[in-house]
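Asks: Got these off TrEMBL a minute ago, pasting:
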BINDING   G49, I50, D51, G52, A53, G54, K55, S56  ATP binding site
DOMAIN    47-174  domain 'Thymidylate kinase-like'
REGION    1-37  region 'Disordered'
Amino acid sequence: MRAIHTVVDGRPAGGSQDPLTAGDGTTPRSLEGGSTVHASSPTVVVIEGIDGAGKSSQCGRVAERLTDRGLRVVTCAPDRPLRRVYKSLIDDADGFPDARTSVLLGLADYAYATQDVPPADVVLLDRYAYSSCADALALGMRPDQVLPLLRLFDAPDLTLFVDVSPREALARKGGACSLAEAGGPEVLRGAGSLPDAFVTYQNAVRDGFLRLFASHTGRHGFHVVDGERSLDDVTDALCDVVLRACGAGLPEAVDA
């Protein structure tokens, strides 16, 4: 089976102990729903945002910064088996999945991605169950249908939301988007064009994210980071929050 996790080890040469894993580091921490993180209390961090917000780019940059600080970081490969199945469905306009199918398949993928995670100081996830559930809310599923599904997953220790307006996200994509990013055939029919459908749908997705974060977050809460600043400024803001979470703890959730 192809490995889905990448361990980026930033420890200095010479076998010095990781700053955040003092002790034997072998006690597994069970996650709700059967997943296990095999580490001594890693900090689980999720980076979320609408399509075009720059989540994947920032996830890579944050991982690099953290390893430069001597932390061992685990990330998850985007090319996962269930993700490939899901992509094949959303790339087919005639067989485009409905909201229920999408959320269940998406959540199955995130459950798979978070099982048997190697030991680490930080587990850094580009998207999480929030993404599937926010999409489901935007596509018309009721909160009382979606929230019980989200609660099958442990809340991450820290959730970072890279906040970009849909119009800015669309501009970053050169004005082009996929049918899935525009919400699918039904949203497109109502909006009349892919760009208009993208803005309408991604606004609804953003609202869904904020609703979900308010009801299901971990010990360090969720933090909204202005994603319309420069690439370096956004990375700086994200890393600042993550490093504080890895240290003595954070105050109540605030905008960064």
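Glycine is treated like the rest: Cβ placed from N, Cα and C.
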Asks: Quick check: in three-state DSSP terms, what is K55 (ATP binding site)?
Replies: helix
Asks: Around the ATP site (G49, I50, D51, G52, A53, G54, K55, S56), what further same-chain residues have their C-beta within 8 angstroms of the site's C-beta centre?
Replies: V162, V164, A169, G227
Asks: Would you count the other CB atoms within 10 A of the CB of G52 (ATP binding site), including those on all shown protein chains?
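Replies: If we count other Cβ atoms within 10 Å of G52 (ATP binding site), we arrive at 21.
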Asks: Within the domain 'Thymidylate kinase-like' (47-174), what mean pLDDT does the predicted structure show?
Replies: 95
Asks: Tell me the Cβ contacts of A53 (ATP binding site) under 8 Å, same chain only and six or more apart in sequence, or just say none.
Replies: V162, D163, V164, A169, G227
Asks: List the helix, strand and coil residue totals of the domain 'Thymidylate kinase-like' (47-174) as derived from DSSP.
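Replies: Per DSSP, the residues of the domain 'Thymidylate kinase-like' (47-174) fall into 64 helix, 19 strand, 45 coil.
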Asks: Give the residue from the binding-site residues I50, D51 that has the most other Cβ atoms within 10 Å of its Cβ, counting over every protein chain displayed.
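Replies: Answer returned by the neighbour count: I50.
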